[in-house]
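Chemist: Before we start, here is the structure in question, set down as structure tokens.
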Amino acid sequence: QCAEGNGQNYMGDISVTRSGRECQYWSSHFPHRTKVNPTTHPDRNLTENYCRNPDENPLGPWCYTKDPEKPREECSVPVCGKELPVPHKKEEAPCVENRGLDYEGTLAVTVSGLPCLPWDSPLVQEHSRKDFRKDVVLKENYCRNPDNDDEGVWCYVSHSNTSFDYCRLNYCDSPLDEEPLPSQAGRTDSKDHQTFFDVKCFGQGEEGEERTVCEI
């Protein structure tokens, strides 16, 4: 099906953006909390994760994307009477050096899909270490690596079973699950990655360690 005008008529099944990003389901709030969804726009046929134009976007049909750093983007929908555009292949994001120690991006959701808490929130202040690196700017609720964690950037979360979680970035060096590295925080064994502490909670009471974690 082709789009006419700004594409409000489009009811096809294209579900990828013009840059190659996969569309987020309209009924989902992960990784982005939606302002346009089947509840707010019940008559716009917001089905599955298909590209639509429920808000009369002049650039045409769009969707929320599954890329945590790209909330929404227009789709490559054929315009009636014109040749079908070909979606661009998504380019790999540049890799992040030093396990994210210098990362200054806006990723604010963890690998588990949990939203990050603001670094200046009262709950975070209760858990934050006082010896975080001064050169790491803890801005808003963005994932950061202020304690030079071997596993990369992380953030505090509000969850019954854990106080923090790691965030997914494309690191330049090998991830820990592929190439074991000596642990600086005492959380893993360099040979077989066995946890040193109780499988439910660890980190409490370690020398110089105030970031406590209870595993899910």
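Here the Cβ of each residue, glycine as well, is placed from N, Cα and C on the backbone.
Okay, these came from TrEMBL:
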DOMAIN    1-80  domain 'Kringle'
DOMAIN    94-172  domain 'Kringle'
DISULFID  Cys95-Cys172  disulfide bond
DISULFID  Cys116-Cys155  disulfide bond
Chemist: What whole-number Å value do you get for the CA-CA distance of Cys155 (disulfide bond) and Cys172 (disulfide bond)?
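Modeler: With distance taken Cα to Cα, Cys172 (disulfide bond) is 20 Å from Cys155 (disulfide bond).
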Chemist: Can you check how the pLDDT averages out over the domain 'Kringle' (94-172)?
Modeler: 85
Chemist: Counting by DSSP, what is the helix, strand and coil composition of the domain 'Kringle' (94-172)?
Modeler: 9 helix, 11 strand, 59 coil
Chemist: When secondary structure is assigned with DSSP, how many helix, strand and coil residues does the domain 'Kringle' (1-80) contain?
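Modeler: When I sort the residues of the domain 'Kringle' (1-80) into the three classes, I find 0 helix, 15 strand, 65 coil.
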Chemist: Given the disulfide-bonded residues Cys116, Cys172, and counting only Cβ atoms in the protein chains shown, which has the most within 10 Å of its Cβ?
Modeler: Cys116
Chemist: Cα-Cα, whole number of Å: Cys95 (disulfide bond) versus Cys116 (disulfide bond)?
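Modeler: Each residue's Cα considered, Cys95 (disulfide bond) and Cys116 (disulfide bond) end up 22 Å apart.
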Chemist: Counting other Cβ atoms within 10 Å, pick out the least crowded of the disulfide-bonded residues Cys95, Cys155.
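Modeler: So among Cys95, Cys155, the disulfide-bonded residues given, the one with the fewest Cβ atoms within 10 Å is Cys95.
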